[in-house]
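Taken verbatim from TrEMBL:
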BINDING   Arg125, 148-151, 214-216, Gln220, 267-270, Arg450, 461-462  substrate binding site
BINDING   Glu144, Asn146, Glu368  Mg(2+) binding site
BINDING   Glu144, Lys305, 364-373, Tyr375, 398-401, Glu425, Lys452, Asp458  ATP binding site
DOMAIN    204-302  domain 'Glutathione synthase substrate-binding'
Amino acid sequence: MAAPWEDVLQNTAAVQEAARVAVDAALLAGVLMRTEDQPNASDVVNYAPFTLLPSAVPRALFEQAYTVQQDFNLLVDAISQNKEFLEHTLASTIKVDDFTARLFRIYVQVLEEGLAQSVFLGINRSDYMFDCGVDGTPALKQIEINTIAASFGGLTSRTAAVHGQVLKVLGKSEEASHLLPNNPARGLALGIAEAWKLYGSPSAVVMFLVEEVQRNIFDQRCVENELWNRNIRVIRKRFRDVFEKGSLDAARRLYMEGKEVAVVYYREGYVPRNYDQQNWEARLLLERSRAVKCPDIATQLAGTKKVQQELSQPGTLERLLPGCPEAVARIRATFAGLYSLDMGEEGDKIAAMAIADPDRFVLKPQREGGGNNLYSEELRQVLEKIKDSPERTSYILMDKIKPQPSMNYLLRAHSPLQVSECISELGIFGVYIRHGKELVMNKAAGHLLRTKATEHADGGVAAGVAVLDTPFLV
């Protein structure tokens, strides 16, 4: 699965020149992040980390990932509407995982009160790796699906142009012409704009709910600017702003400082550290409102690891997507082995299997945002400690995917230029809108390729481990 620039990797002078061009091209194109020293200031910024060269991706697997994205959109939407499935699936998790339990309590409270929201917008990203089986044939295997705050749709919209420039400088104009156009920022904004329109109040705003620390602001600005270009007003607020200044009227319309909010786009709220008591109250206020939440809390729960594991059980997909055998087959083909650690004989057997052979598996908690999974010796130690405790039910176990590594240079500010053995992860962005019971939009909205050195087991770009990349289809 080699890309056609093995020759470049041997040529130190060419690599150094290309790296200088690449960094300037990234700054010029706006592939930017704020610095760790000043994460909330834009007067000093640097380029977001990225690969020097595009990475080879098997064309058939790339096309498979795009094809199945609409099926995953349908599936996430179906799960979000199925209270019985969510209750049953998360029953053991909410006993031991306080974060999931608190989300679930808000979900139940809002349902009991009666949903004020009638337009539902999903922006998700399904992430895959290319697993090399025993015979070395790569297969597309899903790592996870992110249903809240799926990031880098903005910066990846600008990365292909940078890689195109690098290839041209290296005398590979023909290869540069084969890089695919990719603009998730536009696709995500299109979904938000359509939901805003369906909400039906031309003077209402879109609210980006953002974190206290905003290093990745330019990624969000790419989507935001697409909305401004459509004359849709955008405001950026934090949970604490909602707590202090948010209100609902009698019709449960949401207001922020006198402005009606049509869409709340979460770029925050996916991990426990995002919440204190005030923030939980703000989340409840948002969920009770008529505003389109992206995601609503049911859709966030649909993205939990426990749901992912339950979907792999025989018959589950058929029950959630009745009458859609082709979609079920396409989804199931992407599943890696997933195992429950629920209390009981079966869970005991699975835990013992993982302790005996920890290198075969990944231990996953119910968390988003990268850097949470456990591998090898660490996996074994944690499972040894919790194997007889209900705490183990807050995790799922998954077969470890073994992709074929390749060589590349990972460009990071203030880091030496050195070649690394790397593996890549492909994400496909999906956007769907449901109005009442009718699905009015369902599409794949672009892709994200992230690459990291093989010495790092876990972690994404925001976690400082992976870097942005561009697929070169082979």
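Every residue, even glycine, has its Cβ placed from backbone N, Cα and C.
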Alpha-carbon spacing, Ala149 (substrate binding site) to Lys400 (ATP binding site), which is rounded to whole Å: 25
Of Arg125, Lys400 (the binding-site residues), the residue whose Cβ has the fewest other Cβ atoms within 10 Å: Lys400
Secondary structure tally of the domain 'Glutathione synthase substrate-binding' (204-302) (DSSP, helix then strand then coil): 41 helix, 26 strand, 32 coil
Binding-site residues: Tyr270, Tyr375 - member with fewest neighbouring CB atoms within 10 Å: Tyr375
Neighbours of Glu368 (Mg(2+) binding site) among the binding-site residues Arg215, Glu268, Tyr270, Tyr375, Lys400 (Cα to Cα, within 10 Å): Tyr270
Integer Cα-Cα distance in angstrom, Glu144 (Mg(2+) binding site) to Arg125 (substrate binding site): 9
Whole-number Å value for how far Lys452 (ATP binding site) lies from Arg215 (substrate binding site) (Cα to Cα): 20
Nearest of the binding-site residues (Arg125, Asn146, Ser151, Glu268) to Pro365 (ATP binding site), judged by Cα-Cα distance: Asn146
Spatial separation of Gln220 (substrate binding site) from Lys452 (ATP binding site) - C-alpha basis, Å: 23
Number of Cβ atoms other than its own within 10 Å, given for Glu144 (Mg(2+) binding site): 20
Binding-site residues compared (Arg215, Lys452) - highest count of Cβ atoms within 10 Å: Lys452
In sequence order, the binding-site residues (Arg125, Gln220, Lys400) whose C-alpha falls within 10 A of Asn146 (Mg(2+) binding site): Arg125
Other CB atoms, at most 10 A from the CB of Glu268 (substrate binding site): 21
Most crowded position, judged by CB atoms within 10 A, among Ala149, Pro365, Glu368 as binding-site residues: Ala149
Other C-beta atoms that fall within 10 angstroms of the C-beta of Ser151 (substrate binding site): 20
